[in-house]
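What TrEMBL annotates here:
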DOMAIN    22-174  domain 'MARVEL'
TRANSMEM  29-51  transmembrane segment
TRANSMEM  71-90  transmembrane segment
TRANSMEM  111-130  transmembrane segment
TRANSMEM  150-170  transmembrane segment
REGION    186-215  region 'Disordered'
Amino acid sequence: MEGAYGAYGAGPAGSNFDVVAFVKRPTTILSICSTVFAIVVFGCIVGEGHINHSQSSTLHCVYNDNEHACGLATATAILSAVSALAFLVLDVRFTDISSVQHRKAAVLGELGLSGLWAFLWFVCFCFLTNQWSKTAFASWMDIVGGSARAAIAFSFFSIPTWVGLTIFIFQKYRLGAHFGEEYTDPSPAAAQLPDSESYQAPPFPHDLGRSGTSQ
């Protein structure tokens with residue numbers, strides 16, 4: 001278990017959790033911001049992302065009546081918020097992981113997800129912007145237009161937060177990889193044993209005894 005000391009930017013397994021240091025971490029701040037931004041986008045889409053046109057009870061997405069736009073924004077917001085919260089929980093429990101290999105797997109998972117969400121938020125921002133620019137002007141825009149534009153804005157804000165998370169997690173991965181190269185197993189079994197072939201017994205020990213007697 002001591003082999004996990006310092007691996008991937010964390011202390012030894014079972015060490016005390018420092019709340020102040022955790023809150024000040026860039027990854028913690030970015031994860032919280034990513035969660036808040038996702039909640040704002042979700043609230044805008046669910047609250048005022050659909051309208052019903054005159055003489056119709058059917059709800060339509062405000063982004064050019066394209067349900068794919070509202071669906072993409074909603075799904076991205078929900079899943080990315082869950083991922084950001086999972087990152088926070090994993091960071092809190094990270095020192096409880098004693099295996100260096102398990103820590104490596106956790107960091108690689110974070111790295112892959114953060115890169116994925118950075119890309120998906122970029123796609124979401126571009127898609128919403130494109131569909132909003134194609135939306136025909138109507139009187140309802142004065143009512144829900146603010147929420148529609150807010151969803152686009154916070155989709156854009158989510159891109160740098162997830163890119164930042166990807167960069168910091170990649171740095172943590174590189175730190176762990178460097179630790180793995182520097183680490184040597186302290187167990188007695190890892191110590192180099194003397195080579196048994198370096199010692200050779202005399203081929204004829206009885207001859208040595210005779211020669212000693214004759215002298």
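Cβ coordinates come from backbone N, Cα and C, glycine included.
Note on the domain 'MARVEL' (22-174): mean pLDDT across this stretch is 91. Across 29-51, 71-90, 150-170, stretch 150-170 shows the highest tally of CB pairs under 8 A with the transmembrane segment (111-130).
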